[in-house]
Amino acid sequence: MSKVVVMDHPLIQHKLTMLRDINTGSKDFRDLVKEISMLMAYEMTRELPLEDAEIETPLCTMTSKTLAGKKLGIIPILRAGLGMVDGVLQLIPAAKVGHIGLYRDPETLQPVEYYCKLPSDVPERELFVLDPMLATGGSANAAIQFIKDRGGVNIRLVSLIAAPEGVDAVHKAHPDVDIYVAAMDEKLNDHAYIVPGLGDAGDRLFGTK
Ligand code: URA
């Protein structure tokens, strides 16, 4: 079974409180999402493997550490996931960025993919799916499945806030996917919003209502 990592670093928690506040406007909201995502990138890459590299400093040669293994890829789920991209790229600028867009079919209620562009070497990459609000888990599960259908194997999910229902749904559908969150909230309401949450992440990022 995969794990859920709640990143309780004081800076992340402080910024998350400002993010949740109804009085935080779009510009500050965008800046905070970027800053929190950057701090989360630091934590979520903590277990990446290292290997030795021989280098020369101005004083002598030495054996030092460098990232080993697979290259990285980040895949925001449109549209709110876009808000997390710049923060993550600030720490891992060489990561390739894929995009997945989904909508919910009003009749079947199933997520339907309307856009998907992934790095061509997706099977060879460590992938981080960015979905700020893990609510029912429907979009995250569908996005992860689309990535697996295209050969993705090493997949982690990164969300700012999760509801227990969403975590359970992802665990059930994709037990191989670790989940990284800044907060585990209480529940979903009748409209599938996370409570206490922060409202609609996409609307708050882009100033739409
Ligand atoms: N998506 C959001 O933006 N907010 C929620 O609370 C749930 C899903």
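Using the three backbone atoms N, Cα and C, a Cβ is placed for every residue, glycine included.
Model, not experiment: these values are computed from the prediction.
Pulled from TrEMBL:
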| type | residues | note |
| --- | --- | --- |
| DOMAIN | 6-208 | domain 'Phosphoribosyltransferase' |
| BINDING | ARG79, ARG104, ASP131, PRO132, MET133, LEU134, ALA135, THR136, GLY137, GLY138, SER139, ASP200 | 5-phospho-alpha-D-ribose 1-diphosphate binding site |
| BINDING | ILE194, GLY199, ASP200, ALA201 | uracil binding site |
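Feature map: TrEMBL annotations on the structure.
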{"residue": "ARG79", "record": "5-phospho-alpha-D-ribose 1-diphosphate binding site", "DSSP class": "coil"}
{"residue": "ASP131", "record": "5-phospho-alpha-D-ribose 1-diphosphate binding site", "DSSP class": "coil"}
{"residue": "GLY137", "record": "5-phospho-alpha-D-ribose 1-diphosphate binding site", "DSSP class": "coil"}
{"residue": "ILE194", "record": "uracil binding site", "DSSP class": "strand"}
{"residue": "GLY199", "record": "uracil binding site", "DSSP class": "coil"}
Expected list for ligand 1 (Cβ under 6 angstroms, binding-site residues ASP131, MET133, ALA135, ILE194, ASP200, ALA201) reads MET133, ALA135, ILE194, ASP200, ALA201
Other than ILE194, GLY199, ASP200, ALA201, the chain contributes near uracil (Cβ within 8 Å of their centroid) the residues ALA80, PRO132, MET133, TYR193, GLY197, LEU198, GLY202, ASP203, ARG204
Greatest Cα separation in angstrom, residues ARG79, ARG104, ASP131, PRO132, MET133, LEU134, ALA135, THR136, GLY137, GLY138, SER139, ASP200 binding 5-phospho-alpha-D-ribose 1-diphosphate per the record, works out to 17
Check: min Cα-Cα distance from ASP131 (5-phospho-alpha-D-ribose 1-diphosphate binding site) over binding-site residues ILE194, GLY199, ALA201 goes to ALA201
From ALA135, GLY137, SER139 (binding-site residues), the ones whose CA sits within 10 A of ALA201 (uracil binding site) are none
Same chain, |i - j| six or more, Cβ under 8 Å of ILE194 (uracil binding site); the result in sequence order is MET133, LEU134, ALA135, ILE161, ALA162, ALA163, ASP185, LYS187, LEU188
Looking only at the domain 'Phosphoribosyltransferase' (6-208), mean pLDDT returns 96
Cβ density check for SER139 (5-phospho-alpha-D-ribose 1-diphosphate binding site), other Cβ within 10 Å (all protein chains) comes to 24
Using a 10 Å radius on the Cβ of GLY137 (5-phospho-alpha-D-ribose 1-diphosphate binding site), the other Cβ atoms enclosed count 25
Comparing the Cα of ASP200 (uracil binding site) with the Cα atoms of the binding-site residues ARG79, GLY137, SER139, the shortest distance belongs to ARG79
The rounded CA-CA distance in Å from GLY199 (uracil binding site) to ARG79 (5-phospho-alpha-D-ribose 1-diphosphate binding site) is 15
